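Trainee: Swiss-Prot feature annotations, pasted as is:
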type     : residues : note
MOD_RES  : Lys104   : N6-acetyllysine
ACT_SITE : Ser294   : active site, charge relay system
ACT_SITE : Asp388   : active site, charge relay system
ACT_SITE : His422   : active site, charge relay system
MOD_RES  : Lys470   : N6-succinyllysine
Amino acid sequence: MSNKLLSPHPHSVVLRSEFKMASSPAVLRASRLYQWSLKSSAQFLGSPQLRQVGQIIRVPARMAATLILEPAGRCCWDEPVRIAVRGLAPEQPVTLRASLRDEKGALFQAHARYRADTLGELDLERAPALGGSFAGLEPMGLLWALEPEKPLVRLVKRDVRTPLAVELEVLDGHDPDPGRLLCQTRHERYFLPPGVRREPVRVGRVRGTLFLPPEPGPFPGIVDMFGTGGGLLEYRASLLAGKGFAVMALAYYNYEDLPKTMETLHLEYFEEAMNYLLSHPEVKGPGVGLLGISKGGELCLSMASFLKGITAAVVINGSVANVGGTLHYKGETLPPVGVNRNRIKVTKDGYADIVDVLNSPLEGPDQKSFIPVERAESTFLFLVGQDDHNWKSEFYANEACKRLQAHGRRKPQIICYPETGHYIEPPYFPLCRASLHALVGSPIIWGGEPRAHAMAQVDAWKQLQTFFHKHLGGHEGTIPSKV
């Protein structure tokens, strides 16, 4: 029997440690938690097809611990990466640690404790974490469980032209302060998929960035908007362009020469942006899609209600009432829904919980803030975090559905995610528990539990792509929710 490890998977990256470790024979049963056969796992890990002699499994006497990633080296942010370690002692306890610094230098970290199998190998797709930042079988846990070193920091990607680098380390032992470093590697996750074209948009009053797939067009067009933080965020649009859509990330305040506040917004600006997208030679009509989260989701509802040429809209934790400022369109005005700051609660950590602050748009003068969704001719998908503490997203989605159906409109699709907070991002972004709210002027909690929120993000990302392909043209079909 050969004592040499086979060469690693051709599409994997292997970094060898300078540290050596002796391994010894072991008499152990195979774990029932394995999802794969030993044979298929060995093919990924590059381990030999060891022959069992009686109850003794012979392993090499000395070998270097190595980290294996697939895809190798780098991949798109929304893609999973397979992580494995080989060259450990049988049943060796180890701690895996992931570290990432954002563009401002803020540190995010996660760690988990594991135990190698009888061959001294560890595959995160079949080995459960025994504790740490998470527990259980979570192959991508080291990413979605990342937490900021300092509180109130949300992971945001400002420049999609550069990747974020994740440092992965394998350390000996399970102690609170793990032992010596066994091996490490650097994994880059990019936001601009290969071949995707990035075109800044400065046409008339419109300020944004258009992302086009690498293939020949025309493509279904989507306008993408974020919330009250203002500025221009491109990372969702750039990732979505890699799925076959022409996506324009649209700024609407606090960016370049746009208004510095959103006290007054005019839908004519959004109409101009939509018309620009529809007139682009690589965008196919007859209508466009809208994608928005928070205030951006609310604006999707307003655009679909007042403007023509909108075929489909995805609203992520949006309000059915106009919030934060007055909205104008051709002589019509929507006032903002009222607020009562006396309804702010304070958490044990001293952060504000504002979920009850907004008045109901169903009562009294606040009824005038209700967006007239019954005018909309588009079809809707509402993605809802049931633990959203920014506002009552599930209530708003249900009220929009009632209003649409009462006026004979198509019933929207509503997908609700338990234990999911406000910021439903593309897959593998870590949960932001609390951060500064631009309108409130103080830190607030956003809601959500890390694992449930992470699973919701993976599902929501698939759902919105399927929805847009179905209603804007392209691949038809629906995906049953896994959450």
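Glycine too: its Cβ is placed from the backbone N, Cα and C atoms.
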Trainee: Quick one: of Lys104, His422, Lys470, which of the recorded positions has the smallest count of other CB atoms within 10 A?
Mentor: Lys104
Trainee: From the Cα of the residue listed as 'N6-succinyllysine' across to the Cα of Ser294 (active site, charge relay system), what is the distance in angstrom?
Mentor: 24
Trainee: In terms of Cα spacing, which of the recorded positions Lys104, His422, Lys470 are within 10 angstroms of Asp388 (active site, charge relay system)?
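Mentor: Neighbours among recorded positions, in sequence order: His422.
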Trainee: Take the C-alpha atoms of Lys104 (N6-acetyllysine) and His422 (active site, charge relay system) and report the distance between them in angstrom, rounded.
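Mentor: So the Cα of His422 (active site, charge relay system) lies 23 Å away from that of Lys104 (N6-acetyllysine).
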Trainee: Using DSSP and three states only, what is the residue listed as 'N6-acetyllysine'?
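Mentor: The three-state answer is coil.
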Trainee: Reported as an integer number of Å, what is the Cα distance between the residue listed as 'N6-succinyllysine' and His422 (active site, charge relay system)?
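Mentor: One finds 26 Å between the Cα atoms of these residues.
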Trainee: Once the chains shown are all counted, how many other Cβ atoms turn up within 10 Å of the Cβ of Ser294 (active site, charge relay system)?
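Mentor: Excluding its own Cβ, Ser294 (active site, charge relay system) sees 26 Cβ atoms within 10 Å.
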